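Per TrEMBL, the features are as follows:
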ACT_SITE  D737  active site, charge relay system
ACT_SITE  H774  active site, charge relay system
ACT_SITE  S954  active site, charge relay system
DOMAIN    152-243  domain 'WSC'
DOMAIN    260-356  domain 'WSC'
REGION    618-654  region 'Disordered'
SIGNAL    1-17  signal peptide
TRANSMEM  500-527  transmembrane segment
Amino acid sequence: MLTAICILVALAGLGLSQTLQCATVPEGCDAGPAYEETLQRAIQRFSTNSVYGGRPGVFASSISQTGTLAQISYSCNDGSVPPPLLGSTAQDLLSRILTCPNRCGGISLAGNSRCGFGALIATNVDAENCFARAIDLTPENTQPTVKPSADGFVSRGCRTDSSNARALTGGSADEPGMTVERCVQLAQRFRYAGVEFSRECFWGNDIASGSSETAADQCNMPCGGSLLDVCGGDHRISIYENTTWTPLPPPPTTVPSVGSFQNRGCFIDFANGARVLRADSSTQEGGNGMTVEKCVALARDAGWRWAGVEFGSQCFVGNTLRGANSAPAGDCSVRCAGNPGETCGGGNRIQVYEDTDWKDPTLEELAALIRRYHVAMSAARGLLDEAEKLLTEMASSANGKRMMKRQSGLLQGLRNRFTPVRVELEEIAMTSTRNVGRYVQLDIDNPGAGLRLDAGDYRTWQQQAQEAPRAFRNVETNLDRLLAGELSAAQVVLIVRSALVAYGPVLALGAIPVGIGFFFGIIILIWQKLFPSTSNPNPTAPSQTTSQPPDATPTPVVLLMADGTTQQDYVAVIEEIVKMNSIIITRINYEKVELRALTADMTDEAIDAMLANPKVATLSRRIQADPEGRPGDSRLDRREPGPAAGTNESIPSSLHKRALTLPGNFGHFIQSGPLFDDDDPTNQAQQNGPPFHLSWLTALWTMTGLGGSNNARRYAFNDYIYDPNPPANQVRVYVLDSGTRATHREFANSPFSISYNAMQEDLRVRGDEDKDGHGTCMASCVGGQYSGVFKHASLVPIKILETGNNPPWLDHVIRGFALVEFDMLSAQMGVMSMSIGFPRDRLRLRESQAPNSYDPFTHLLPRLPGLKVVPVASTGNNAERGEDLGGYTPRRNGGTNTNLIVIGAADQNSVRAHFSNYLDIGGRGILTGYANGVDVVCAGHTQDNQYRREDGSSPATAQVAGLVALMLARGEWTVLNAKDRLISEARRLKGANFPPVAILPMPNPKTILGNEGLRVAIDQLVTCVPEVNQGGDSTAVQPAYTTPNKNMFADVISTTALANLPTTAEPSCVFPPATRAPHTPVLGP
């Protein structure tokens, strides 16, 4: 039997290629077909689609019930590893051995005579121990594996595929001997290659969305040409990605239009003096080279009618298309040097664009443009004169190196006026230059007679029209450097004087030309050439005259569009204004905000036209708000000791560790650091806390009737209790002021994610910078962690002024309203806090104007309820000069039938502060109520740990804004009833019986004497109910409020103090005497 096994191995590799060698061996291979069935079963053990070989020794056997054993081996006679082949191939080869007489023998592989199959049959094997482990042996197949990479392609896994919707659609191949290498070779120009079903290859740049990733073992079929590698499966594709692939750029496209320039096709062009366009040309090569847009800009800026691009990098312009013969569009297919996605003509082919707005200007149209240019130049010259005067004063003053606040404010205001004039100057200089160039009629066939300008005039105009805005911009830039401290006033004034020399004197258009050595000179010269008789600048209408620029200075105005007007209406109004020799200074026009306004320097003609235009809501003189004043500046002589209003106190972090613990009076702060004033750093004192204005709001510090009006008492309560939990509703509080110091510790728990600067047109300019301090103080009164009423307020600073010495302009406030509307697009509810007042009479442009035609707030305020915003405004601080609430806006728009809340200032004794405006000559109920506005402690603006004291109706207004926001956030008030609820709560909790105040002598003053306004109150976590004794008299009160959450005070008192807080709160809630001594804040230790 051992002999038979050796013969079996030897037979596997004998003979020539695919040569069959039959064998006769005793005990099996000598009985003819008697044992054929046993051998056939052994052959069938090779699975048709499985791979065999590629590993040492492959054996198969089958034993019959009679003890006959058929054995098969696949091996090589030199000991090498037999190559892989499919089971179907093995079956084909072995079936040939069945043709041998004794069904035994060997056959070699095609092309490999060293390796092959051998088959033997043995009988009586039951007694042979050597066969005990070889009976019924199934051959072990070889599993193909995924090739990780091939020729720069890497495997990307197995995906589903369908014959109806292929994963890759760029191309395909079907080859019996397919391999991964062959497939990626076919797909070299594509991003993806995929092999499938052993023999199929697909490729493409994108994988279809219908193909999804699947398990790796679902791609299990061997490649037809490489059986040890996986080539997908049945409807499964093995994906490979080309790591060196870069997408081919799409074919270039022809730009159809650029602005008013439209594509007119492709034309034949030659360089031998027969150019289609001949007036001017430019060549720009390289990555930043020529584009259609650059060529069109060259033509547009110089006033040419035609622009043409050629051979990728060339541009030609002109007013006449000469000898133009059309060419096929495909001839203009060369990529632009500066943009490969665009076509820029071709070789001797020009791609032409025509300005559809171009026309020869009439003399009348040219006159209007020159007048507009003259107005812009005059405005620029006027600002240069103002700058020269102010800078000369600053340079010569004793403190020229350190600008005084007044001068700094004036300089900043002057600088802000430069930008709109410069923008208008640049625009009209370009427009007028373009049209003067057209009127010269360069490069126009058959131009006609009567030309009054030559090319030299045009070139001079063009040069100086470029220099005038450039000189003006240079002054603007150096003013910025002066404000930043980089230059001195003496240095900048020299730059201004140089510009003044270049501009020359302002001459009327009808003046006698005195040369063209300065900017105004060329304007006058061109005017004289066009209109030799200044009384008749329109030769087409001899009987008519065209008005000259008015001698009077144009009036700065603010225009507000009416509700319901469209963007088209807005553009039409602007165009009408410009036609009347007026200059648009700024535009207020934000996407998705239906509030549009503008500022302009208007002629009388334009003002009259706009007053009659139904699309215009209001037309107002552009003015600054009235300075509200800082009433505490002169208060030291009346209340000692105490710092002046606006005083700053540095409160370091150690303040939080030095709180004294007194039940019902926690938060008594002692400050050992210096107390300093902006102007007098030697003024030292110390501060108490918590801030009195918060306990003033608390309902327990009040005066109301318990058990009848005769038993009126004041309650004393020294704490401000607030809910530490964030409310259900989000409410944003918009503080229209001088900006806010966002890094102050007051706002550590509520950083400003949003802020705006209404002094700038760009929405990206933030308002979280404060050079004055007033805005920071107001924001902290609204939502500061120490001074704020609403600790969870979402504060949105909107900067409308730089410093109190330079009050806000009307248009900046209107822009602030527009920014509120813009921001409310993403908010639930809002409150607006503003402390501004514009004298109503100064807004009026014509005596005949009705108030609602020049007061923009009569139109702006009614918009707010629809936006879910509650407005809160101050009364102002000029009561001692008899100021009427009805004389200033926006406060004049308050009253019983409006949504505007108007707040005045009361002192610690709940008496109206002497400075707080209250007169209501019209008797319209403008004043809503009072909050504490004396000795209000709020955040400072020069250090992050600094606090200050502030007097005025402004901090009172900010507190009420915080209170309204708090009630809206809790859902207890609504936007529509907030004012009514504020009034009813004030009346319920604090009554209306307050000590009378002194009324200034006024002729028949229509004002409420004594009870001139309610005192606002908060009654959310603290209530106080009367405790009735046996006699039935209300002699004491019983506190009833939520036990304070110790965590809410962690930011203002020490850890020790927190530990000493009572579990059940027992605040001071008693009846003091009916007549109480005036409250004097304790400022010492």
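The backbone N, Cα and C atoms fix where each Cβ goes, and this holds for glycine too.
Worth saying up front: this structure is predicted, and the values here are computed from it rather than measured.
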Confidence over the domain 'WSC' (152-243), expressed as mean pLDDT on the 0 to 100 scale, is 94
For the domain 'WSC' (260-356), the DSSP helix/strand/coil residue counts are 14 helix, 39 strand, 44 coil
Summed over the domain 'WSC' (152-243), the DSSP helix, strand and coil counts are 10 helix, 39 strand, 43 coil
Rounded Cα distance in angstrom between D737 (active site, charge relay system) and S954 (active site, charge relay system) is 10
As a whole number of Å, the Cα atom of H774 (active site, charge relay system) is distant from the Cα atom of S954 (active site, charge relay system) by 9
Within 10 A of the CB of H774 (active site, charge relay system), the number of other CB atoms across every chain shown is 28
